[in-house]
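Working notes for the structure below.
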């Protein structure tokens with residue numbers, strides 16, 4: 001529900017979470033008017049510090065979380081991105097040629113990776129909620145690290161496919177588990193920028209991967225350059241995975257790097273932000289699963305999330321091949337992928353910060369999609385001989401490519417206040433990675449060197465998603481207006497009863513405002 005925040009005189013670190021929930025859910029005549037107004041205007045609330053002292057606490061806590069949590073999560077995701085995209089780098093060094101495989105083996109293995117990666121996401125993130133997210137991140141990270149290293153020793157296409165299928169199993173729960181984990185520490189309008197910092201490492205993985213590949217391909221040893229690539233990246237992933245359960249805090253209330261007062265404040269501000277069932281903050285129940293699976297707003301936006309994910313999913317793997325098609329050699333093609341990825345990460349951080357600051361998701365997503373479309377149009381329209389122009393088009397394309405997915409995740413997280421249901425929703429939202437199958441089938445060697453057809457299809461998919469996201473925003477606003485009419489006909493006592501009973505769950509309550 002949306003109402004005035006807990007009294008400014010209240011020191012959050014000195015009050016129990018149960019007492020805060022009771023105060024937030026209570027409704028008087030003034031609160032009822034605020035709820036009505038926020039529903040009418042679709043102005044979503046959430047935790048907002050009031051006094052100068054509380055604002056300073058809020059900034060200091062975020063600074064600590066930004067120092068101890070986000071960089072480590074970003075580091076894991078960096079190597080997750082490297083382990084997923086290194087097939088494209090390896091192919092520029094003759095991976096399939098050295099093993100006597102057809103060039104299409106890369107596309108087949110990539111497509112089948114998503115056969116396990118996509119459907120298992122909701123199950124994997126739910127297991128993480130059950131066993132403990134920090135332990136689960138360490139387990140799955142260790143699994144994909146060992147399998148990445150194993151790529152160096154595959155001999156046949158069947159072995160390659162088997163390894164990619166198993167990597168899909170281990171990687172499936174990573175992204176939604178980390179997003180769910182971070183949503184337990186950051187209020188909804190501090191979250192998008194932190195997801196972007198984390199997700200930006202996936203963009204940087206493309207740049208960093210190009211640098212690592214360039215170095216590995218220059219090694220003059222007894223192994224092929226691509227073998228050194230898999231060994232280096234796999235070994236790093238294993239080391240990071242072993243440290244994960246010891247470094248990442250289990251919850252705001254148990255963070256090893258916070259003082260006792262900071263832990264209490266960190267936990268209580270999240271209670272205010274979500275006004276959630278306290279039990280759901282710690283465990284997953286049957287109702288969470290049922291409500292998450294039938295969440296209308298999730299299924300509305302998911303198809304468009306899939307379409308907008310085609311550029312980042314497809315390009316992360318096949319971008320080195322597209323650049324190579326401009327006439328660059330294998331090592332140089334990997335190096336030339338670095339600037340577009342760095343620029344893409346910078347754009348992502350700027351858009352995410354702005355989205356949190358202005359408390360708006362849709363307009364930022366639409367501008368990002370327009371940037372992607374401009375880049376695609378330039379790359380398609382310019383002839384292959386215009387190397388500089390086409391490369392500039394790819395740079396513009398990558399500038400907007402990575403923005404939509406993390407903003408969509410933050411949008412869904414902010415519109416799903418209950419932590420248990422949020423876990424399920426973000427897990428199913430992970431099916432947006434079905435775009436990886438589309439991308440791997442689109443960017444086949446037979447369409448090179450200009451890749452005109454894959455780029456044209458991608459342009460059409462992005463255009464459709466632009467209209468879809470616009471419709472999604474109008475649907476959320478329509479539901480807010482409908483809820484406002486319901487609340488207008490209720491007494492103060494009925495509104496408070498709506499807040500406290502469990503007839504309607506989480507965001508389905510008439511008093512909850514969907515953010516736009």
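Positions of Cβ are set from backbone N, Cα and C atoms, glycine also.
Annotation comment: TrEMBL describes 69-516 as domain 'Major facilitator superfamily (MFS) profile'.
The transmembrane segment feature in TrEMBL is assigned to 65-82 (among others). Listed by sequence, the residues of this chain that lie at least six past the ends of the transmembrane segment (65-82) yet keep a Cβ under 8 A from its Cβ atoms are 137, 141, 144-145, 171, 174-175, 178, 181-182, 185-186, 194, 197-202, 204-206, 208-209, 212, 233, 236-237, 240-241, 244, 247-249, 255, 257, 266, 316.
According to TrEMBL, the feature transmembrane segment maps to 102-123 (among others).
Same-chain neighbours of the transmembrane segment (135-154): 76, 79-80, 83, 86, 90, 99, 124, 127-128, 160, 163, 166-167, 169-171, 173-174, 177-178, 181, 223, 226-228, 230-231, 233-245, 248, counting only residues six or more beyond its ends whose CB sits under 8 Å from a CB of the stretch. Among the features that TrEMBL reports, transmembrane segment is placed at 135-154 (among others).
Among the features that TrEMBL reports, transmembrane segment is placed at 160-179 (among others). Sequence-distant contacts of the transmembrane segment (160-179), counting only residues of its own chain at least 6 positions beyond either end whose CB sits under 8 Å from a CB of the stretch, comprise 73, 76-77, 80, 83-84, 101, 105, 108-110, 112-125, 127-128, 133, 136-137, 140-141, 143-144, 147-148, 150-151, 154, 195, 198, 409, 413, 423, 426-427, 429-430.
The transmembrane segment annotation in TrEMBL covers 191-214 (among others).
Long-range Cβ contacts of the transmembrane segment (226-248) within its own chain (Cβ-Cβ under 8 Å, at least 6 residues beyond either end) map to 68-69, 72-73, 75-76, 79-80, 82-83, 86, 89-90, 93-95, 98, 133-135, 137-142, 144-153, 181, 212-213, 216-217, 219. Per TrEMBL, the feature transmembrane segment maps to 226-248 (among others).
If you look up TrEMBL, you'll see 296-318 (among others) marked as transmembrane segment.
Per TrEMBL, transmembrane segment is recorded for 338-355 (among others).
The feature transmembrane segment is assigned by TrEMBL to 362-384 (among others). Only residues 6 or more beyond the boundaries of the transmembrane segment (362-384), in the same chain, are considered here, and those with a CB under 8 A from a CB of the stretch are 308, 311, 325-326, 347, 351-352, 354-355, 390, 392-401, 403-404, 407-408, 449-450, 452, 455-456, 458-459, 462-463, 465-466, 469-470, 472-473, 516.
Long-range contacts of the transmembrane segment (390-412) within its own chain (CB-CB distance under 8 A, at least 6 residues past either end) are made by residues 179, 188, 191-192, 195-196, 198-200, 202-203, 297-298, 301, 305, 308-309, 311-312, 315, 319, 322-323, 326, 336, 339-341, 343-345, 347-348, 351-352, 355, 361, 364-365, 367-372, 374-380, 382, 384, 422, 425-426, 429, 432, 465, 515. Taken from TrEMBL, the feature transmembrane segment applies to 390-412 (among others).
Same-chain residues lying 6 or more positions outside the transmembrane segment (424-443) and placing a CB less than 8 Å from one of its CB atoms are 107, 110-111, 113-115, 117-119, 121-126, 172-173, 175-176, 179-180, 183, 284, 288-289, 291-293, 295, 298, 302, 305-315, 317-318, 321-322, 405, 408-409, 412-413, 416, 451, 453-454, 457-458, 461. If you look up TrEMBL, you'll see 424-443 (among others) marked as transmembrane segment.
According to TrEMBL, the feature transmembrane segment maps to 455-476 (among others).
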How about long-range neighbours of the transmembrane segment (455-476): same chain, 6 or more residues beyond its ends, C-beta under 8 Å? 42, 297, 300-301, 303-305, 307-308, 310-311, 314, 362, 365-366, 369-370, 372-373, 376-377, 379-380, 404, 415, 438, 442, 514-516
Taken over the domain 'Major facilitator superfamily (MFS) profile' (69-516), the model's mean pLDDT: 87
